Amino acid sequence: IGNTVLHILVLQPNKTFACHMYSLILSYDRNKEGPGSLELIPNNEGLTPFKLAGVEGNTVMFQYLMQKRKHNLWSFGPLTTVLYDLTEIDSWAEDQSFLELIVSTKKREARQILDLTPVKELVSLKWNMYGRPYFCFLALFYILYMVCFTMCCVYRPLKPRTGNKTSGRDNTIYVQKMLQESYMTYEDELRLVGELITVIGAVVILILEIPDILRVGAAKYFGQTILGGPFHIIVITYACMILVTMVMRLTSTTGEVVPMSFALVLGWCNVMYFARGFQMLGPFTIMIQKMIFGDLMRFCWLMAVVILGFASAFYIIFQTENPENLGQFYNYPMSLFTTFELFLTIIDGPANYDVDLPFMYSVVYFAFAIIATLLMLNLLIAMMGDTHWRVAHERDELWRAQVVATTVMLERKLPRCLWPRSGICGREYGLGDRWYLRVQDRVDPNKHKMMRYTEAFKTQDRDNYDKDLEKLEIDRNILYKKELSALSLSRNTSRTSSHRGWEILRRNT
């Protein structure tokens, strides 16, 4: 019951009352330390009161709980060294990481905890010591891996075509070799080494991604932008395309160019994932993800309807014409593709003016130009501009969340020998087996004094403003008197508040 009450207090809107009641309940706890403590009992979602405060973005309760966990090591003038207990904060050897819970929640208030002590110092320590070097090495390794895969695709085994052309539009001169013919020369053996590296890399990607999907859940794993959800979809699809290409090569099945081309596009697009390690490029990956999976996905539904309608109209108009003179609409799939190019203004209106054009072509093309080019493309630009404006206001906050998510990911993937535990063991200071983070704080007395002056001014302004509101409510029926009283009261307020504020400054001086 006591643990349930603690969880309820974390969710209370009255932060001061919740902190006092939280402290009162813990004062009756017999097991204040150890696994039997009320603070360490999780709820049905596996969240202790401390983790729940982080997930809900309750910064007041989080700071209150951290003040209870800190130990002052020494103090000398304005300098103070504090040891913060990293229990439940450090993601090292934690099944449900506190940092991962913060960056995966949908509440923006939770990300503000990343700027609080000691979370900010812990993340900075992990990222600067281990996260950034490992992440840069991983980015370099992935780029070299993609270069190897690209070279294998460029020099894939082909041979001249021996069969006759099936039609006048047939333009194929090379075909894929059979498996027995693909690995005969020294260049083929060298390419085989690159292909083996590519396949091994795809298998490693699947081995690393599948456990996280089972642990977190597919919806949360692929749906969270900060965790890199869209990039996880890209890299898993890339690995599957590599395995499909391998099976088609081993079975001598024609058409390997389809999964191979998909893999090339997806593999190189995944390089943008590593931009999150740099403060200059990290926020732009968030913008790209939100635009593609937000604005662009909604826009594509409207675009598909428009293209489908006008492509059908163009095909019907040119259905009775000679396709040799008007080749852009010679069949229905080609009409769809040509209309898509028209929609994006990649090409001009495809028409052969040496022959008579149908009258309806001009009418339909005029309507298409108005709807597609002038209306819908400008609508897409406005939607993306709005998304860019919203993300730009929280770009630094999102980048820090990206860094935290990347740090937690690397800490889980890498062996323990490459990522030792951060902090100081409490045994060095007689504090048991818990781990602590040493933080040095500098207290500026002048800063606190100025804060007191500012609060004094704010208090006087607030009191006088409340009195003014009471007086204004009495004269609300007469608009003219209300305006005059508001003017006079605002002047008196500014004079009395500034006068009292200066008096406080003089007395303190």
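A Cβ is built for glycine as well, from the same backbone N, Cα and C atoms used for every other residue.
Feature annotations, courtesy of TrEMBL:
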type: TRANSMEM; residues: 134-158; note: transmembrane segment
type: DOMAIN; residues: 135-393; note: domain 'Ion transport'
type: TRANSMEM; residues: 192-210; note: transmembrane segment
type: TRANSMEM; residues: 231-251; note: transmembrane segment
type: TRANSMEM; residues: 257-275; note: transmembrane segment
type: TRANSMEM; residues: 296-318; note: transmembrane segment
type: TRANSMEM; residues: 359-381; note: transmembrane segment
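For the transmembrane segment (192-210), the neighbouring stretch richest in Cβ pairs under 8 Å, chosen from 134-158, 231-251, 257-275, 296-318, is 231-251.
The stretch in closest packing with the transmembrane segment (134-158), judged by the count of Cβ pairs under 8 Å and taken from 231-251, 257-275, 296-318, is 257-275. Per-residue pLDDT, averaged over the domain 'Ion transport' (135-393), rounds to 82.
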